[in-house]
Amino acid sequence: MEGESYHNETTVNGTPVNHQALERHGLWEVITIAAVTAVVSLMTIVGNVLVMISFKVNSQLKTVNNYYLLSLACADLIIGIFSMNLYTTYILMGRWVLGSLACDLWLALDYVASNASVMNLLVISFDRYFSITRPLTYRAKRTPKRAGIMIGLAWLVSFILWAPAILCWQYLVGKRTVPPDECQIQFLSEPTITFGTAIAAFYIPVSVMTILYCRIYRETEKRTKDLADLQGSDSVAEVKKRKPAHRTLLRSFFSCPRPSLAQRVRNQASWSSSRRSTSTTGKPTQATDLSADWEKAEQVTNCSSCPSSEDEAKATTDPVFQVVCKNEAKESPGKEFNTQETKETFVSPRTENNDYDTPKYFLSPGAAHRLKSQKCVAYKFRLVVKADGTQETNNGCRKVKIMPCSFPVSKDPSTKGLDPHLSHQMTKRKRMVLVKERKAAQTLSAILLAFIITWTPYNIMVLVSTFCDKCVPVTLWHLGYWLCYVNSTINPICYALCNRTFRKTFKLLLLCRWKKKKVEEKLYWQGNSKLP
């Protein structure tokens, strides 16, 4: 365990502890201690093995969060297999009978695993904190590979801090001062050293984790409140008060009856009109080959809110389009459009040879300019089709005229100015993300609470014994140290209580129904809902 050497007949300050009294325990007392510790050890092993198997068989659990929990389960499994049983044997026998090498190996393994648990909790806390406070920048870097690197560093730091000192200290000082029938860390015989290791290995990490969790909790509550305000502002009554007649998005339009056009499509885009006062318009020259100028447009929403019929047909002003494009358009010789560029690019085409037979393709002015590689965002506009007097060119495309559609752009970047359906989808997505964040925060809070409850009593005794070496009874030392081990038993229970997927997977594995469930799912996708 971290920061202290009570694996032996000495307390943290080096005062000898008489284990002979333990040898005089009654038979039933020994049986009770052995049975209780064996049950706790078995629960620890089974619980953490279930965590590992669940992570292996259930793909839903293979998230970045659970990679850290998997590492924590590995440390807890080591404690459940080795530390609990060896320490119980040492207590009941009253002496160490396995030799000095086995003692040093056990202490190194115990301290490395215990410190790795603390380091993993620190990593989990920082991961949650950055995920909440820096969702855009941090989550892009939050990959399983990076999680593996952080986990490896946690174990490496724990190993470097404890293993060399425990295994090599006797060679550095020239002799082994630990008696043959005792098992303790030689360099932790001084109270001041033990006190310093307890501060560095427990109190500082706990303080950091507590501060991080408080900030995580505040940020999560703030997001919950913001989401509630967003849902309230997007109520049905408020949606009805809006003026959808001033907002239009077109599905996609313009197609020439050439079957090879679809094969030439490379990018998707939408168009949006800017206000006429932002730029001047010009008249484009006619393109000689339209096939290279058609790009497929994905449906954004229904074009049902613009004024229609005669009002549109009578309009004669040239359309003004604001290019907010992030897509590279290769330069095509022989095609020119009259454009004007400021900080943003504005294009004003008056199409002459376009078709509106099927709403699949639209003419893109990006063919006239070589733009930097970027993605296109939504453009807003309306389409006017002159039904009478339409003419066809040699390419088989009819005349169409595009008129700007008024679209009030909200200065507020929230979803209030969006289409109600789109706003609902965005709100739903935010709610789902928030639910996941709250679940992860709940799991973290349960793990931290269990860690603090189980480790604090022992580390308080470490501080007390530094100033009063005979104030802590031997039995209390044993209970406090064993309670630190119990934390490894509680952690898998926390996962099951706070994570429904873990809980369901644990249940299926314990009932030996996991293979049956996989077969049922396979048959379900084949059209059967039950096993024959």
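Glycine is no exception: its Cβ is also placed from the backbone N, Cα and C atoms.
As recorded in Swiss-Prot:
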TOPO_DOM  1-29  topological domain 'Extracellular'
CARBOHYD  Asn8  N-linked glycosylation site
TRANSMEM  30-53  transmembrane segment
TRANSMEM  67-87  transmembrane segment
TOPO_DOM  88-104  topological domain 'Extracellular'
DISULFID  Cys103-Cys183  disulfide bond
TRANSMEM  105-126  transmembrane segment
TRANSMEM  147-169  transmembrane segment
TOPO_DOM  170-191  topological domain 'Extracellular'
TRANSMEM  192-214  transmembrane segment
REGION    265-290  region 'Disordered'
COMPBIAS  270-281  compositional bias 'Low complexity'
TRANSMEM  444-464  transmembrane segment
TOPO_DOM  465-478  topological domain 'Extracellular'
TRANSMEM  479-498  transmembrane segment
MOD_RES   Thr501  phosphothreonine
MOD_RES   Thr505  phosphothreonine
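Mean pLDDT, taken over the topological domain 'Extracellular' (170-191), works out to 88 on the 0 to 100 scale. All protein chains considered, the CB of Cys103 (disulfide bond) has 22 other CB atoms within 10 Å. In this structure, Cys183 (disulfide bond) belongs to neither helix nor strand by DSSP; it is coil. Listed modified residues: Thr501, Thr505; maximum Cβ neighbour count within 10 Å falls on Thr505. Annotation note: Thr505 (phosphothreonine) sits in a helical segment as assigned by DSSP. Taking the Cα atom of each, Thr505 (phosphothreonine) and Cys103 (disulfide bond) are about 38 angstrom apart.
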